[in-house]
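K.L.:
Quick paste from TrEMBL:
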DOMAIN    4-177  domain 'Sec23/Sec24 trunk'
DOMAIN    183-261  domain 'Sec23/Sec24 beta-sandwich'
DOMAIN    272-374  domain 'Sec23/Sec24 helical'
Amino acid sequence: MSVPQMLLVSDIDEVFLPSPDSLLVNIHECRTLVQYLLESLPNTHSQNGETASALGAAVQAAYKLVSSIGGRVSVFQTCLPTVGPGSLKPREDPNQRAGKEIANLLPGTDFYKKLALDCSGQQVAVDLFLLGSQYMDVASIACISKYSAGCIYYYPGYHSTLNKPQVEKFETELRYYVTRKIGFEAVMRIRCTKGLVMHTFHGNFFVRSTDLLSLPNINMQLAIEESLTECNVASFQAAVLYTSSQGERRIRVHTLSLPVTALVQDILSSVDQEAVVGMLCKMAVDRSLSSSVMDARDAMINACLDLIQAFQSTLPSGQASMGGLPIPYCARLLPLYMLALTKHTAFRIGVSTKLDDRVFAMEQMKTMPLSYLMTYIYPAMYPVHMLNDQYPKI
């Protein structure tokens, strides 16, 4: 083959592969052809005025194409899927964006979840790149990544000439996406000391059993089933079994041991406020989906008040009546973070917020590493007005 070929499948309701083989190529053997394809794509579809989108059928075809070997599928979407399997209808009312009752946070169809589970079973992850200002129903199509351990990238207002910051962000993240190291066919098992059990997991994954996950990144919530008075240390271990890009089967293990105490003062004086904020915002996302955004906001505020009241109850009567906020020093920024969360795109009310923007913010909170999440919730501020001639550019 001297040039890439484009094969058309007109039946989008019953997707099939137009050729039984030779649709996948080895990058080392066909590098020139792949480069030619990427360079010719803009001109190939520059005159295409089609506005309908058959996202469901396209992902089905990609799944059939790679299901025998596994891997990942990269999807670039700019509009709402309107035809074929998984087609959707607009569900957002622009006039209700600033209302207290936020509707349609849940998926409008289970098509993408079912397709994601099929992909997960064949070790295929689907990554979404969502570009453009149109409504795309992120709540529905995000399921294809959520349940296949994929990633979601969102660029609202993307325009190749009118929105240069979004273009630069897209180029930077896409470059990192295609060059970063990844593992394939990964499973994670979480173990912990007898008496502790995991009952809630947060992230993009599929749960195979109570402690076995098919995913890369998670946070867990714990429940205590037995008394821990007979042990001094509680241990947690996470093990990931995966295949490297070189085809090597590897295991990575992380173990954490923490002391056990029966004293409330010891617990409050050792609070990790960033871990608390990370868990509360994930629980707030779940509450928003199962109940309402208002309930989630109230739950976060009440959790902060409960911590303050618990700490106040441990203080001597004279010290408790003194001025100032009675809160552990290690959790002194917790009220600030709670205020930031209530003003965040995911949970704010009374401010016009697009439904897709809100849903994407919630998805980010479920999957972001903690260090990134804290900056996402409470961004840093830099005094750029104080730059001098020594630093002409930022």
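Sequential numbering from 1, following the chain as shown.
Cβ from N, Cα, C; glycine included.
Remember, TrEMBL labels are computer predictions, not curated facts.
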K.L.:
Could you give me three numbers for the domain 'Sec23/Sec24 helical' (272-374), the DSSP helix, strand and coil residue counts?
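P.N.:
The counts are 73 helix, 0 strand, 30 coil.
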K.L.:
Taking the domain 'Sec23/Sec24 beta-sandwich' (183-261) alone, what is its mean pLDDT?
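P.N.:
Result for the domain 'Sec23/Sec24 beta-sandwich' (183-261): average pLDDT 81.
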